[in-house]
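Encoded as structure tokens, the structure appears first; notes follow it.
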């Protein structure tokens, strides 16, 4: 008799008796359970729909983005090294056709590291912009424009591997990057000793930033001056499916804290439009932002960009690639790391004025009467900081008054949404805001401004806002501009419509200078990421700028708004739903009456109470180490009910599995695939690309035990005597899995896989 039919006959023979006893012991005759099941189903559907609609609304209102297309003429030359250790990866030198004609290398080296499934050719956008700007500066030398070194862009071909899903791939790529850094520096041995570069700048996209940081061991870090990452998940991995991936992140944090030669890190994030990398994960941990060397900035906060950017578009978006290329050019001429960081902050955290407009060819001088010691001047359509203010009292000579200047977006069409979709803000659609402080009011202010646009003035008032909401006096009919100053924040970076990093000004631009209307202000908390909207009425020709200071701007919008933060910050929680789907596959999907009879009525209330108790303790101990990684990862007491709601939701996904009814056994032969589907995809791709490192893997044969037990049962017809013991242990393990799937936190998702496999082992053992 064939093995599989014999297994089916054995299964029917031994299971029917157990089923009869089980049904006699636990008859399902509870009418109120039917009502409870329908109520839970309705709540689950309603809650899921609310989350989906909240996310769509938030993404539609705040996630619009606009970028200009970039153009280039790329060419690549593969570098062949006699001592090249890898036959799997390759290294290329980028050259812009028509500009980079020389074959010898004489500039500053920059190595590009692509991300998950990324191509080495993605370097072309930034590299092309750097070449064009360099040769434009060369032509402008007669105009006294400072010219930095030329940039030599190298790019690593990592064969478009799935580094986000496989920790071993990340480690192998990091080793390759270490050897690339050594090889790149050897390419400059033809230069005199004093002109040879001693350090390489790393430019990485997505998971390439994790690879670049992992390559920074004590030896390699000496040869790297700056690491610039684009949309890189620095805090949490995109999918924490392996323990080794968590070990990689722990090693990166340890090296940043303990290696004195570790290069500074500049993290550029795409914001809410980046649906692949969660914005909170792209920010930097508190200990990194507090060292005054690492920088994290969102593209919404970069002057001249003012828009969120999609994950892949951050590479080719012209507004961003132009500033990154210009930043790299200016950094190449700086002698030390401190000066390079100052240059980076000028381009990313504050507007870098156009050198050709420092002294406008023609200026207009205007006199303004002083109405307050604190004055604000706004220059419309003024693309540079060509602004000089002088205080004159009629008796003494006029003296120059220091001013604090910043550029703000000024779209030509007041009815357009912001950020502008399509190509975004044009370079001419900006205005200059200058703030000055005067010694007295009995004077006249003379303004020398650029010939572009017009200049208007007004007084400036300060109001301090404390707590989590704005008081009544802040919502007046007088103000067109609201400027919010973030004085201190728990986290170094946070995202909002216009908020980008701590210690800077958040400016909400007006929509019309002529018509009254409403300004929709969307603020995101740095601790919860929940948006709060408030409408400010504006009328009249008022050009005041009102700073508000507080520790951390506000949040609290209720369940739907909270759902937005949950679904955005825990996008990878869908992995846990997949775990539940695996359990559903191995058993027959029963009615809710049967499922809730065993799980919901008896164990779920106790588990929910424990979850709520743990979330309450978490909210009362916000500074306790590692406590923020559990549950929702937030410390607000009002978020505790969401823990219970999501707990019921999680139970509803996982408790529909039955262990006491006949189910299809054919699915058991593929139990290995659901658990390691990503690794199977990686193996398949490696075979397709002809990789020689197929056996270099860290997979655990523990996951092969369930199908091995099935093979044993089908081949020899053996059974396990104490089936009821395995069945009871399986139910206990399932409860542990349900509790763990909700409470372990986003960082430790890899814990669920071995627990789920233990459930399957016990389940298979109970039916054979």
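Here the Cβ of each residue, glycine as well, is placed from N, Cα and C on the backbone.
What Swiss-Prot says about this one:
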type: ACT_SITE; residues: 206; note: active site
type: CARBOHYD; residues: 291; note: N-linked glycosylation site
type: CARBOHYD; residues: 336; note: N-linked glycosylation site
type: CARBOHYD; residues: 374; note: N-linked glycosylation site
type: CARBOHYD; residues: 448; note: N-linked glycosylation site
type: TRANSMEM; residues: 35-55; note: transmembrane segment
type: TRANSMEM; residues: 604-624; note: transmembrane segment
type: TRANSMEM; residues: 642-662; note: transmembrane segment
type: TRANSMEM; residues: 663-683; note: transmembrane segment
type: TRANSMEM; residues: 700-720; note: transmembrane segment
type: TRANSMEM; residues: 725-745; note: transmembrane segment
type: TRANSMEM; residues: 748-768; note: transmembrane segment
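Features as recorded by Swiss-Prot, highlighted on the structure.
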residue	record	Cβ neighbours (10 Å)
206	active site	30
336	N-linked glycosylation site	9
374	N-linked glycosylation site	16
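In this structure the alpha carbons, written CA, of residue 206 (active site) and residue 374 (N-linked glycosylation site) are 44 Å apart. Residue 374 (N-linked glycosylation site) and residue 336 (N-linked glycosylation site) are 38 Å apart (CA-CA, integer value).
Taken residue by residue with DSSP, residue 336 (N-linked glycosylation site) is part of neither helix nor strand, so it is coil.
In the three-state DSSP classification, the residue listed as 'active site' falls within coil.
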